[in-house]
Amino acid sequence: MPRKIEEIKDFLLTARRKDAKSVNIKKNKDNVKFKVRCSRYLYTLVITDKEKAEKLKQSLPPGLAVKELK
């Protein structure tokens, strides 16, 4: 089931959880979507600023599987 996250800080807390398996990054021409798969929900964060998206990509936990989709 999908859930939407509005804040970057909440997304980072969700990505650091023990049940977080992977992160998918979908890039469009006007926004970037970060989707983190946890045991129950797929959490989605939509960012319209490309620079913030790059910073967030660098601050993801190192043990998480990151997959970039075009």
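Quick reminder: no glycine exception, Cβ is built from N, Cα and C everywhere.
What you see is a predicted model, and the numbers here were worked out from it, not measured in a lab.
As annotated by Swiss-Prot, SUMO2 cross-link applies to K4 (among others). DSSP classifies K4 (SUMO2 cross-link) as strand under the three-state reduction. Around K4 (SUMO2 cross-link), the same-chain residues at least 6 positions away in sequence with a Cβ under 8 Å from its Cβ are Y43, T44, L45, V46.
Taking a C-beta cut-off of under 8 Å and a sequence gap of six or more, K9 (N6-acetyllysine) has no contacts in its own chain. Feature annotation from Swiss-Prot assigns N6-acetyllysine to K9 (among others); the stated evidence is similarity to another entry.
Under the heading SUMO2 cross-link, Swiss-Prot lists K9 (among others).
Applying an 8 A CB threshold to same-chain residues 6+ apart, the list for K67 (N6-acetyllysine) reads S22, V23, N24, I25. The N6-acetyllysine annotation in Swiss-Prot covers K67 (among others).
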